């Protein structure tokens, strides 16, 4: 690399093309006329170009003349005429300071002020270019495809490593010259050490004369600090570009150029010296390369021949070893086949042994042996100890014989045997649980059950089991789990329990005696009647007390059985889950059958069946129940409600509405039937009434007192009717005792023939007492039956009172609305009407109180009762006027 000495033409030199610096050497420079030829440097400086310039000239002066001036680095004007030239014309060099000398341009000489001001030399320098200036060039068509950017990017990536190597070796600024010189000197012989030491000392002095920042990796000339270091206190007068400073500027340029050329000469000289020292080694290495290549070819041919020989030998050895291995494998396969036959024979022998155990009823040993045979068929000896002891001396692993068709019959036989054993265990479990269920139900009497339910006590007897019973259940569940029949055993018990609960109803159904059976059998055989009609007839022939007793026995027995079944459910579920959790290697079906171990679904099915069947039994006596006395009907209602509620408590859900619907239908029909029955009773009593004072029993007066007190509170004797344990019996016993006491004291107290209602006393009649009994029954039914029927019973009370008034007056009234002269004491009738008028007010206030506690009940309007009181008052006045004495004269 060289820098031109002449800084005159500043515009020539560094040109900017595509953003990179470009150094152009003019044609007229001495370097182009030198022997080394001309060269152009673009971009970064090249080491090879520097060597070329050094080799073309020996003297430093000649090399200095070939270098460009720093004037080329300075910025130039856009239209400087010194940079313009035409094709094939001679470019003016940096040192060409002469002109043509013609006086046509300036009479004052070259470069005169006149020439500069008038611009006589280059008047037409800004003319348009011609064909001579710019020759015609045929532009090529751009045939780039659409993906040219992708191709360029890929190409740049491919040459990136090569470019980095080139840049690191071709840029002198990125090289550490001292390290390269040191590496070159390490290869010299020992006899040149003294000469090299002296030369190294001289080279070091030359290198030390160059400032260190030129060898820095971060050398950047565009950095102001670096640029000032390069100038080294040389003033180029760049801020004053006038002609007055031109001479000083030229001297500064020359000084800077000379200094830089000296630095370059030092580096080039050292590089050429070091390279020339190693040139003979390079040629020696080239001569040895040919020899190495020849030897490498010979070695490759020998290696190929050796590889072929080794391949032949290996193939022969491999064939022998393969043949040997095939014989070994064949022998092992034969041994495995023999062991498999022994395994199959052992399976058959153990199966026969298992069959004999089953015939001897050794079920546990048989089940254990079946399990071991199953492992033997699977070829698994890792778990079962029996299989390990049977095959301890066998050399090979057991085979899986499950896919062998010859053993399919044996496997099926073992499976069936396991199922039969599980069936026996299941039957034992069901029998044990059913016996416990029966003994539990027998140990509890119906009264105890009713007392427990009505008092709300929970003795938890259903969950108490003896240790012996629990241990037996545990043993059976363990056996069932071993034979994988646990779920089927629970299903069997579920079916057995349903059958057992069905039989409870059959136990308490009515039956005929032997004599009656013969007569009725002959009659029914002739008529072709079915057993169902016979049972219906027997149910209808029962007395109310017998029917009630049958329902109580069925319901209490069934409830205790259901309680015990829920205890069985908890016990079985706890033991089963513990057994499943204790198994070390659970079966694949054990996790899926946990939900199948709960017998709750069977218990719920039992509840549905019992309610359905008892509902049908009750429906058979639907017509007969309409004529029941009110206390028997309430007992019937109470036991049905108790059973329905207890079933709901036990199951936790309302399973069926059948029994509830049957009971609701019975209540509705019973309430509707009360109207005609009451009319008949009242009509019968009035028709037979003689209107004479009637003896009032103490029980009747007690009922009247209860009716009066019902305005404020429910009488105790009315609410205890629903007590199934014995409250109503105590009440009846008390009444009979009072009656006997009154009869015993009759001779001393006389006959009581009046009814006391509050603070009023009325002479009693037979029809009055019968009507009071009707009113009492309706009020008792109103308190104890659901509130939805209150409106019906209020209407019945209202109609009964109204009907008594109309019937009584009709019995003593002529067609002309005048009273008959029958000779009977009509004042007794008036007393009865006045007494019932008091009951009208009591009935009104009674149902008004019930409406306050029952939002779904709306009582009669007060106007209805006012009208009824008016009717009673009119009848009483009419009777009074008929019996009044004539007025005095």
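Heads up, residue numbers simply count up from 1 along the chain you see.
The backbone N, Cα and C atoms fix where each Cβ goes, glycine too.
Residues 72, 81, 85, 728 are shown; Swiss-Prot lists phosphoserine for one of them, 72.
Annotated range for region 'Disordered' in Swiss-Prot, selecting from 689-708, 729-748, 749-768: 729-748.
Of 6, 74, the one with phosphothreonine in Swiss-Prot is 74, while the others lack that note in the record, though it may still apply to them. Screening 69, 279, 389 against Swiss-Prot annotations picks out 69 (annotated as phosphoserine). Looking at 142-177, 178-213, 214-249, 286-321, the stretch flagged in Swiss-Prot as coiled coil turns out to be 286-321. Cross-referencing 1-44, 89-132 with Swiss-Prot places the feature region 'Disordered' at 1-44.
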